[in-house]
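Below is one structure; the comments refer to it alone.
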Amino acid sequence: MLDLRSDTVTKPSEKMRKAMYEAEVGDDVYGEDPTVNKLEKLAANILGKEDALFVTSGTQGNQIAGLVHCKPGQEVIMEAQAHIFLYEAAALSAFAGVQIKTLEGDNGAMKLGDVEAAIRGDDIHQPETGLICIENTHNKAGGAVIPLENMEKIYQLSKKLGIPVHLDGARLFNASVASGIPVKEFAKYTYSVQFCLSKGLGAPVGSMIAGSSEFISQARKWRKRLGGGLRQVGVLAAPGIIALEENIKHLEQDHENAKQLAEGLQNIEGITIENKVETNIILLDITKSNTTTEHFVNYLKEQNILAGPFGPNIIRFVTNNSITKKDIDNVLVAVQKIVNR
Ligand SMILES: *Cc1c(COP(=O)(O)O)cnc(C)c1O
């Protein structure tokens, strides 16, 4: 099976498995796991933040950030198609007691004027704005890179008003590789950042959150409350270190494969590509192909290819480190067959 449903499907490499076996461990709730400590230091350095924390998932990282930054009864601003809004089971409302205010973005980027207009003031009838969230790359916008200038403008506004900015950077390294801008630069315009080790970077489990020492010390407590204080978790941090030290550069190949796939798909009549394909995500619009996403996905499966439905007429392909150039050719042949049918 060629699995293009997501970049979460990547399996740990032999080197990662070996590192897991050999990892030096201790009790991380006591702060005594040397491998976790090494990973946290490494992540903080790469992001240019004071400190970082290993968390079980991207969702947990985003939730912890919301819990640290917000009080119940506040409002959190984010783009209308944000992962936190669409795919985290309303966790911010359930745990942090906040409501979410969504703004329609342009290719995933919220407009400064819209953010400014959405911020609520000191009115007895209204929730206060407690947090602004940005997502980079933007998943639902097809892996779009949110421009650095957009992040800078929103950050300057937030600083003026004393409202924190959290970056859901599940795929921040894809944004960095595609734009040539170091992750540090993106992170500069945030109070906290979450990124996934378990997506394109290829680790089996985990995400990192980063921010000031004060933010991380509160985050550590929230992680404990959520049941995310783990013990000899160096076995999971070890592949995370390899992900950061060795796998960032491999994202370039994922992006190249995505471009090659997009170019091939563009030449097939009856389907169109919905997004710009800046990173590793392709959104295929099958409206004109006279079939449903369900059938299309099933036809692909019959030909040993997995892809995911991603909206009424959209199929999402995500390249990842298990996909080769030759696999891309096979996907193109399969799609052509389906369209001919
Ligand atoms: C995948 C993803 C997450 C959540 O990560 P999990 O580890 O699956 O919980 C959060 N935000 C974005 C933008 C994502 O793509």
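In case you wondered, yes, glycine gets a Cβ from its N, Cα and C as well.
Owing to the predicted nature of the structure, the values given are computational and were not obtained by experimental measurement.
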45-72, 213-240, 241-268 - the range that TrEMBL marks as coiled coil: 241-268
Count of other CB atoms lying within 10 Å of the CB belonging to K199 (N6-(pyridoxal phosphate)lysine): 24
